[in-house]
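The domain 'SMB 1' feature in Swiss-Prot is assigned to 86-126; the stated evidence is sequence analysis. Per Swiss-Prot, disulfide bond is recorded for Cys94-Cys122, Cys102-Cys115, Cys131-Cys148, Cys146-Cys159, Cys152-Cys158, Cys177-Cys223, Cys185-Cys397, Cys413-Cys512, Cys462-Cys849, Cys596-Cys653, Cys609-Cys692, Cys819-Cys829 (among others), and the stated evidence type is sequence analysis. Here Swiss-Prot flags Thr238 as active site, AMP-threonine intermediate. What Swiss-Prot lists as Ca(2+) binding site is Asp781, Asp783, Asp785, Arg787, Asp789, and the listing cites similarity to another entry.
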Amino acid sequence: MERDGEQAGQGPRHGPAGNGRELESPAAASLLAPMDLGEEPLEKAERARTAKDPNTYKVLSLVLSVCVLTTILGCIFGLKPSCAKEVKSCKGRCFERTFSNCRCDAACVSLGNCCLDFQETCVEPTHIWTCNKFRCGEKRLSRFVCSCADDCKAHNDCCINYSSVCQEKKSWVEEACETIDAPQCPAEFESPPTLLFSLDGFRAEYLHTWGGLLPVISKLKNCGTYTKNMRPVYPTKTFPNHYSIVTGLYPESHGIIDNKMYDPKMNASFSLKSKEKFNPLWYKGQPIWVTANHQEVRSGTYFWPGSDVEIDGILPDIYKVYNGSVPFEERILAVLEWLQLPSYERPHFYTLYLEEPDSSGHSHGPVSSEVIKALQKVDHIVGMLMDGLKDLGLDKCLNLILISDHGMEQGSCKKYVYLNKYLGDVNNVKVVYGPAARLRPTEVPETYYSFNYEALAKNLSCRETNQHFRPYLKHFLPKRLHFAKNDRIEPLTFYLDPQWQLALNPSERKYCGSGFHGSDNLFSNMQALFIGYGPAFKHGAEVDSFENIEVYNLMCDLLGLIPAPNNESHGSLNHLLKKPIYTPSHPKEESFLSQCPIKSVSSDLGCTCDPSIVPIMDFEKQFNLTTDAVEDVYSMTVPNGRPRNLQKQHRVCLLHQQQFLTGYSLDLLMPLWTSYTFLSNDQFSTDDFSNCLYQDLRIPLSPMHKCSYYKSTSKLSYGFLTPPRLNRVSRQIYSEALLTSNIVPMYQSFQVIWQYLHDTVLRRYAQERNGVNVVSGPVFDFDYDGRYDSSEILKQNTRVIRSQENLIPTHFFIVLTSCKQLSESPLKCTALESSAFLLPHRPDNIESCTHGKQESAWVEELLALHRARVTDVELITGLSFYQDRQESVSELLRLKTHLPIFSQED
């Protein structure tokens, strides 16, 4: 750096620096020569006589004036040449103490004499990470965060957009979309790296609405693989979702069930601002950087929940302890620097995390100018990344996953529920407030498990008309939420309507009128962002929505890793990739089918059937079907293949009827499933089939098969899996559906839901979808883990009713399958669509607050709340569907894991 006051092509300063003295000019020296003190005495005397002449004084005065003027001009033009040449700009003069009519050093601010461009030229480059035309060709200064000097390439300190701004090359966003048929990587990269980049709180709708203001993200969307909605996990909070993305696990499985939580066994509380956040005991499962470490693949994380914690004793190879004050640009540059490390140090997997637009959404709400500014900011940051990758030759090499953890909702102080309004004294309870609130006693851990949560739930149920919250014992929550099997989830939880939140009292919550998240993961405003871009992803593809737990396996495939056990369906995202890496296969059936020949003796069931119903006169003739008849039954009842049983050592036999097929459990003495097809022109009769059963001689007779067994029980009865009221060919179908092999124990309160489902919903589906195939059956999930129960758990939960052991289902499932093409029959679809439900089987309908409501309203609401993935049904029943289909297994997994979102109007 040159000295102060000097510029290229200028002479040195005149006079000793700092003493205020300056050397005489040659002109002044010659004029002062007659006054030299070294003259002889006679000459002095002569001069003295001459000086008495008045004209002499005038001449001397004139000479002295000229000398002074010459000296001043010499100072101006000889000593300060820089002032005349450049006095208006700081370019090339930043922080140098040059003295002119404007200055460019730090003191100019207090003196008030800065050049007009001081801020833009000298100050902004200390914290701005981009070039502009004015900065091009600037002088390099160490205090600038990046350089726009002409030699910045040689010094490797250029701002990321230097090439596009100063060399007039196209930026990444200015280039046209290009199909990347194969990775185009620098020689030092053996395979494409993967970068997982999170924009916290980026609601999916933001891109739908403001995409025109987000050129970089919009280009990634248009050139890569994109889904309009990626489904977060519940609760839709930051830590649970980020950790689910990198583990493939639901919060109940990986342990991070909220941003704030209490563990009764550890007797410790977790929050984002506490030291407990760094305690590895909170983190279960295996995040992808640990998976990578186990398989000798390096990783680098610039922030990610859990990445600064020693999980399983392992940290990423390069990581940063979270610090929200680090500028976004610095994070981008760091990752770009990591990508330039030697191969033996360079990570193969990377994460990046930005707090926006979540922070602005919380402060100002999702529909605000501040959020739009935040979106434009993160779009600019993503653009920096893409330009940086382009400069490194990695823009056609690296696989980028641009993702968010959840959406954002507008809060309102008028849409907050306070429990003290209903409970009065609330000193003995504590509530984790928000849209997914939870309650526990204050005395913990002593009373955590013994507290009477059930009584409190009943007390808070149906207190008001159109109540906006529902108290749930956690095992009654919709199974699709997967939010029960963890002690950190309090036994009493609250489900809130869209836009609503709950707290103990007003003083407990922080704010109410700004943005929030945490609600049901099917609400449209909770949906998240997903874009995949790079050589592995399809070009310009838009895919159906999927859940973020599926991303872990996808990343493992991109990195060549074997995934750790997780909750995902490996291969369900194969349709995002040009060349899928993993090929899934159907699970093998674990229990072979047993025989159920006709061997029972007819007995009196204590039933009274309507005389109009045609009874079964010759059981063997009617149900001992020929091979051709069996094939006809298969094609009509299970056109997509019969469900396979994945439960080990479970005796099941197939029972063929003319109009439906049954998988009957000889261990449970009830059907595991029945399957039939409801065609668009089928009708339901209005006949009464109560108190009418026919004995199925192919199965052992049980007291629970008799009408007399249920006559003295006020709440428990039986229900039919295949509805007897379905009218197709003749009255003979009635007697088939009235067989004892078609009934299950069912609460009378639930029969209302079950009948509406068959009489109304199935009929509507059949008419709208040109027919529908139906598979339904009981569910047993007493340990509420979303998996089918073992025989030991079933035995522990068997109830004795009227001296008879009875196993009452916890839920009932129903899977509806139709054709994607409405012109096709469900008996022969080229492509499928499916819907599924897991309905809680309870002795009352308190969940729905039925008083004063139309049956159609509350049942439809209940069905919507308890919809599920087909995969959820498979996990909880031990069944596997669609195994006879011709589609690839990955395509079937795509179908099974799909779940439509709720619009805000639903």
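For all residues, glycine too, the Cβ spot is worked out from N, Cα and C.
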Same chain, 6+ residues apart, C-beta under 8 Å of the C-beta of Cys152 (disulfide bond), given in sequence order: Arg140, Cys146, Cys158, Cys159, Tyr162
From recorded positions Cys223, Asp781, Cys849, the one whose Cα lies nearest Cys596 (disulfide bond): Asp781
C-beta crowding around Cys462 (disulfide bond), within 10 angstroms: 17
Protein Cβ atoms within 10 Å of Cys413 (disulfide bond), excluding its own: 11
Whole-number mean of pLDDT values that fall within the domain 'SMB 1' (86-126): 84
Assigned element (helix, strand, coil) containing Cys609 (disulfide bond), judged by DSSP: coil
Reduced DSSP assignment, Cys819 (disulfide bond): strand
Residues within 8 Å of the Asp781, Asp783, Asp785, Arg787, Asp789 Cβ centre (excluding the Ca(2+) site residues themselves): Lys485, Phe780, Phe782, Tyr784, Gly786, Tyr788, Ile793, Ile876
C-beta crowding around Cys122 (disulfide bond), within 10 angstroms: 25
Residues of the domain 'SMB 1' (86-126) by DSSP state, where helix covers H, G and I: 13 helix, 2 strand, 26 coil
In three-state DSSP terms, the structure that Cys152 (disulfide bond) belongs to: helix
